[in-house]
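> Pasting a structure below so you can have a look.
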């Protein structure tokens, strides 16, 4: 580890800028050795997190960062139990849909002062992401990365069907027409994948139809409104026309795998698949991405991971210093260079774009301009879990979309009405 | 042996009591590690779960006492009853695997050389990573490209979406559950079989009893204590089924998950996904009661079929 630091001395100069900042603000020049833990749930991103931690340690020799990676299902239960019992990691990844519970419960370190004293400009982060980590006017996490959605497509299948590639002029109608032409039951190829996917699917189309997912004050959902129904119908129509694998097929073989196996020609989803497609030698030359098609307007939901600190940490000053570093350019650049995620810090995404030049990944960055935060009102994990139960009959064609949407809306509203 | 243990120890009173008292403390000291572990890891979590089941426990912050609210919600909760039915159905399927295990165990017992190979083969699932098992079975059950449907197509049978179609999910999981439990069951039953005196088989074959008759009249009765033990263990673990569902349906946008949740999956979802720990605790307590009743019932029933030589 130590050798690695020495090898990376060159980059340390840049890091020095940030530490000079935070060093000046800290009024406790203690030199005692402090160890902070930093938890995440991604094996893929763990090396980048360790690299960031090493970078920080180099500039702050008295602070040691221990990076912990927990599997996804254990992450939240461990964090919750740890926070309640006073043993949570010092710094950890946060998601918008869990954020409110933690902020409301007073478990997160208030970073508002840190932002002022470190002169962190919140405008460098995509606003929908930074907004989702603000609670009652206070900032509790700095955005680490973000994701928007695009239309992934398979050029080889488009060529075979003689269909023009998608571009930024495409509307819903273009997608529907293309899906029809691309579907070839004899070859086992479908035009598009239409699973019940909130973030990559129907949330976007509802917004594109001019609707809301949850109304602005978070008291009720909007699925049964004309726009809500139109947004859901976009997908159920594709299902009814047989232009997508059925829900059962998509249950057995996930949409992304269908796309990877070149069974579907189009797949709307996030930037997070880029590296996986790029590393797949069968796909690298065949795949590209376009902006999501427009409905009444252009829209995509966006969300991102935030780096938060535990309010019960024994070393709040050092922790604030570390969190400020995590929100800075150096940490963003390390992430971008690994190609795993799209860093939230404005202007640091270039290494990410350059790492996969064959894909038009700029569409994900351009999408920030028309992005809307992923709705997280109320007990988000509870009402989000209701979608498959209520929407499956509509997707399977067993219930009219209007009826399924109404029942879905009622069930979600019931959860939102609690407390 | 028994006479020694049960014989009342006559101690001369007075002189000896002074010694026996401190030795009692020593006894406590020696069992302390186990006792403390038991209290910390079993008794305390149980008490705290019981208390939580009468409270509304938010993710963070103080809990409030709500009496029987969680339990009354639970009785009226369709999701709970659905989960209860799923767990019960799964348990019944797992029980069907026990006769299979008994037959297999006695067949393996008759294998002369290479018996160990069969034991290892059947034991492999026990030591295999559950995630790997989940992946393999997902492939076997896949509706489009699955091995099972491929084999069925040889016989002109139309395949199904075994996991994705809620009509089949629990049955499909039952088969995996039986297969996974086979290894342990065969070890326990195999040990039981070896305790049966060979002379009985020899004597009965002299009297003209065939293999089948020997199986039903010697093997099964004399093996019944082991079968009983295996049944108790299987029912408890089947009622606690969670891992298969978690591995095979989680994360995937699976249409069957809504209809195939088991009691423990529902508990996980309420307590750790939806932050409703009080309700989760109530589910856990009800599950405990169900397991206790099922086990007590089996102990009652064993009188009529278990034969302790």
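Each residue, glycine too, has its Cβ placed from N, Cα and C.
Because TrEMBL annotations are produced automatically, they should be read as predictions rather than curated entries.
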> Among B:67-87, B:88-108, where does TrEMBL put the label transmembrane segment?
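Within the set B:67-87, B:88-108, TrEMBL attaches transmembrane segment to B:88-108.
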> Which residue range, B:1-20, B:21-40, is the one TrEMBL calls region 'Disordered'?
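My reading of TrEMBL: the region 'Disordered' range is B:1-20.
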> Taking the transmembrane segment (B:120-140) as the reference, which of B:25-44, B:88-108, B:170-194, B:215-239 gives the largest number of Cβ pairs under 8 angstroms?
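The stretch with the most contacts is B:170-194.
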